[in-house]
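Copied over from TrEMBL, here are the features:
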TRANSMEM  37-58  transmembrane segment
TRANSMEM  78-100  transmembrane segment
TRANSMEM  121-142  transmembrane segment
TRANSMEM  165-184  transmembrane segment
TRANSMEM  196-218  transmembrane segment
TRANSMEM  245-266  transmembrane segment
């Protein structure tokens, strides 16, 4: 019976979608394109608003100078849930409109895999960074007394770690995220494993959650250049700017490795392109 089921489900017809054009001027004439850019802006604004407010709220609730309960607040676990949970919610909400990137590193990885055009990738990244700045700006407006005192939610390398460690942390963390994005949105997997429905936002949100658990103590967890940039712009302190390059270079390298791994190793893109071998994977 199992053999029959596997054969039955494995028999779905599937064709790889064509790669997105490198430069697609026609996109600029469509409302759906601008709607997608707006969706990325609003989603990243909401993402930064909720997550940075959670970080600052936790720090204010556990400030030793105020004789607060050191075990109070949401804790590191709660901060990780805020980031992962918001990504789950926002990818769910925006996936059908913009693809739900909410992160320049994700956009970069999908661009390298030719899932989005260069024009779309660049405008998404601008929208994400502007949305992040506005989201953190709202946090500062609401929590002005606490904002600077508790670090502004800015990503900085923690004391005791060198820049190489911070960079490696961001590369691996972003690899986990972007690899998960590719796996969860792979149309071939959807066709093949239709008996195992995959709600794509769930594994993506969980990837963000798990990476935060591992790397909050090292870099505060970037894995999203817009998140790091937006917080640095509003906080605007030297340390946040000195370390800023780590939160762009690391995620972009991690995203590139994930795109290469998924497209050329798991999906045998290079071999298929040569036409010498048809992958059964």
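Each Cβ is built from the backbone N, Cα and C atoms, and glycine gets one as well.
Annotations in TrEMBL come from automatic prediction, not curation.
Taking pairs at least six residues apart, the transmembrane segment (196-218) and the transmembrane segment (37-58) share fewer than three Cβ pairs below 8 Å and do not count as touching. Residues 103-106, 108-110, 112-113, 155, 157, 163, 166-175, 177-179, 181-183, 186, 219, 222-225, 228-229, 281 of the same chain, all 6+ positions outside the transmembrane segment (245-266), place their C-beta atoms under 8 angstroms from a C-beta of that stretch. Three or more CB pairs closer than 8 A are found between the transmembrane segment (37-58) and the transmembrane segment (121-142), so contact between the two stretches is assigned (pairs 6 or more residues apart). If you look at the transmembrane segment (165-184), the same-chain residues 6 or more away from its ends with a CB under 8 A from one of its CBs are 103, 105-106, 109-110, 113, 157, 198, 200, 203-204, 206-208, 210-211, 214-215, 218-219, 221-223, 243, 246-247, 249-255, 257-259, 261-263.
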